[in-house]
Every structure is written in C-alpha cells, then in structure tokens.
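**Student:** Supplied in structure tokens, the structure appears directly below.
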Amino acid sequence: MYRWILEPAEREALLANIAIKSADKNYQVIVEISCVLSPEELFAVRRAYHNKYKRCLEEDVAANTSGHLRQLLVGLVSSFRYGGSEINAKLAQSEADALHEAIKNKNKSNDEIIRILTTRSKTQLVATFNRYRDDHGIAITKKLSDEGSDEFHKAANLAISCINDHKKYYEKVLRNAMEHLGTAEDALTRVIVTRAEKDLKEIKEVYYKRNSVHLEHAVAKETSGDYKKFLLSLMGKEE
C-alpha cells in the first residue's frame, strides 16, 4: 500500500528498481513503464530514478541484461518518442515488411526490430502493426510468439502489446494475475495502483467485455482483508 502514497514518477522509479533487482529479472515492468507512459512521463521517471538511486535507469538496465535484450530495453527506457498523431503510410508499409523479414530471419535481424520499436512514435508503430496484420494475415505478436520464446522475443512482444493497445494489455495482466493458483498480488496491485488515476475505468470495461465479470467482483473474490478494501477503494467501490 505504501506505493500509493508516492508521486507517480517516484512510484514508477521504485517499481523499476524492484524489477531490476528481482531474482527473476522482471523485465515486464521495465517494458510497461517504457511503452505505456508518455514521453514526458517516462522522462520524469528517469529523473526520479536518478534522484533516488544516484544512478540512471538506463545504466541499471544495461548492467543487468546482455545482448539484444539489453539493446532493446536500454533503447526503450532512453527513448523520447514523438507524440504526434501523424502517420506515414509508406513508412508503415516498408517497416511492416522489414519486421516480417526480421522475424523470419530470427536472431540474424534483431537490430531492425530494435531500431523500429525504439525510435518510431506510437501512432506510427500502430499503423505499422496494422499493416503487418493486413499483409500477412496474422498479428505481429502472434508471429513473434511462434518464432521465438527467448527473453528478447518475449520483451519485444510485450513492447508491441503495450504500444498497440495498453488497455487490452493490462486486462490480460489482471486476468492472468487472478486466474492462476494463488493471486499474483504484485501484478494485480501494480496495474490497479498505477492506472487508478488514469484509465482504470476503461480497463475495467475491457475486462468486463472479455470476461463477463466486473473487475471489482473478481478482485473481491480473489483478495481479502485490508488489501481487498484498499484495491476496491482505488476502483471506486467500497465493500
């Protein structure tokens, strides 16, 4: 519950540090912070991380990763994307083709995947992902999953999911957190706390549409005590 009292940038910096230091190296949190937040919000998190830990976020990510995974994650956390709504259809076509070739060639062309995911605006990337689906009859996330299950492919898949539709992505995180034996409290808390003042209402709607159960009811069923009361209060529902 202590995470809720922190300012958003400080809270995200703390979550990033916990993820980096965790034994299982939870890169999911790093990807979420890098790909869901606006450029200004991400910059604020990097500044908060610097102030709190006397190191830069990119430095700690790089120190705990290697190879193409390091290049991707450092590129994502250090990016300051253009936030406009313009789309270059020709570029979307050419980079959808480039991604197709890179995925087909597996580890030989990861640099192209990294370049595209870490430099383009979110709007441009969504256009590219849509172009990919239209041209190849399969979502790029599904193709990535089919072609590789190493850490790089998993992180790239997460980044695409967060950029493409972060509300749908968070719905899946919440569903997975409560579907498995023993609720994954860290994931459940992270999503509800970090999105409570942003778009949790919309995420709740996506959850209901996907599961035919209100998120509040699912949370109430899977949690108890003060923790349950805390989460329900953030969702705007008292017991």
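Even glycines carry a Cβ here, placed using N, Cα and C.
Checked TrEMBL, it gives:
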- GLY182, ALA220, GLU222, THR223: Ca(2+) binding site (BINDING)
**Student:** Near the Cβ of GLU222 (Ca(2+) binding site), how many other Cβ atoms are there if near means within 10 Å?
**Tutor:** 17
**Student:** Tell me the Cβ neighbour count for THR223 (Ca(2+) binding site), meaning other Cβ atoms within 10 Å of its Cβ, over all protein chains shown.
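**Tutor:** Around the Cβ of THR223 (Ca(2+) binding site), 19 other Cβ atoms lie within 10 Å.
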